[in-house]
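Features as listed in TrEMBL:
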type	residues	note
BINDING	A:Asp82, A:Asp84, A:Asp86	Mg(2+) binding site
BINDING	A:Cys83, A:Cys99, A:Cys106	Zn(2+) binding site
DOMAIN	A:35-108	domain 'Phosphoribosyl-AMP cyclohydrolase'
There are 2 protein chains.
Amino acid sequence: MTDTRETGSDFLPKFDSAGLVTAVVTDRASGELLMVAHMDAAAIEVTRATGEATFFSRSRGRLWRKGETSGNILRVVEMRVDCDQDALWLIVDPAGPACHTGARSCFYRGVALGVTPAEGALSPVV
Amino acid sequence: MTDTRETGSDFLPKFDSAGLVTAVVTDRASGELLMVAHMDAAAIEVTRATGEATFFSRSRGRLWRKGETSGNILRVVEMRVDCDQDALWLIVDPAGPACHTGARSCFYRGVALGVTPAEGALSPVV
């Protein structure tokens, strides 16, 4: 089932009960998934206006300009929205490691496949 | 702040209050972001065991093997987990369009940047 939100050209973010949408960040150069975060309406507006990825920090309960303390800002090259407009895709040029652990990407561990029942340890991938 | 969940090698998904984690799906060949969905513990186990992406459909309230009706399954080549283990990255070989609209990716519209205040229409990108 499709509707105006899916087929139209109006930007109508579908916020969840906490007023947030999911933001997926990938690296323009490598294509790698760097991080997943959340945005409220203000974070979206600031990001679009400044071109620097700004999220809503659920732990801190406030707007969070990525890199505001570390300096590792994410310059947004392109932004897309998905079919039902509850997720955003930010294609970025990162100024440094995206993860607070110092890793280039937050996704630095692999989960084993082909196991039944699902078990087994994570393995480093970055 | 880091903890065992971030630095360790144990797979300890951090489910939200609805028992879900975010699942980000990218295309192995193109690197393109295809879709964002959610997984509960059962969806993770089925996906790991079968290698076919299976999510929890919030609208239907049940497990949802992607492609179960359309045939457009997503063969999972690699799975990763992020630092705080509340998001999964699935790198897949898609059997067909990932979006229920028939688009290759759910992210078929761009959001304009550099506008203040944030406004403007979406533009097709796929």
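Backbone N, Cα and C define each Cβ position, glycine as well.
Keep in mind that TrEMBL annotations are predicted by a computer and have not been checked by a curator.
This view paints the features noted in TrEMBL onto the structure.
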residue: A:Asp82; record: Mg(2+) binding site; Cβ contacts under 8 Å, 6 or more apart: A:Leu88, A:Trp89
residue: A:Asp84; record: Mg(2+) binding site; Cβ contacts under 8 Å, 6 or more apart: A:Arg5, A:Glu6, A:Lys14
residue: A:Asp86; record: Mg(2+) binding site; Cβ contacts under 8 Å, 6 or more apart: A:Pro13, A:Lys14, A:Phe15, A:Asp16, A:Val21, A:Thr22
residue: A:Cys99; record: Zn(2+) binding site; Cβ contacts under 8 Å, 6 or more apart: A:Leu34, A:Met35, A:Ser105, A:Cys106, A:Tyr108
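Packing around A:Cys83 (Zn(2+) binding site) is summarised by its Cβ count: 22 other Cβ atoms lie within 10 angstroms of its Cβ, all protein chains included. This prediction places the mean pLDDT of the domain 'Phosphoribosyl-AMP cyclohydrolase' (A:35-108) at 97.
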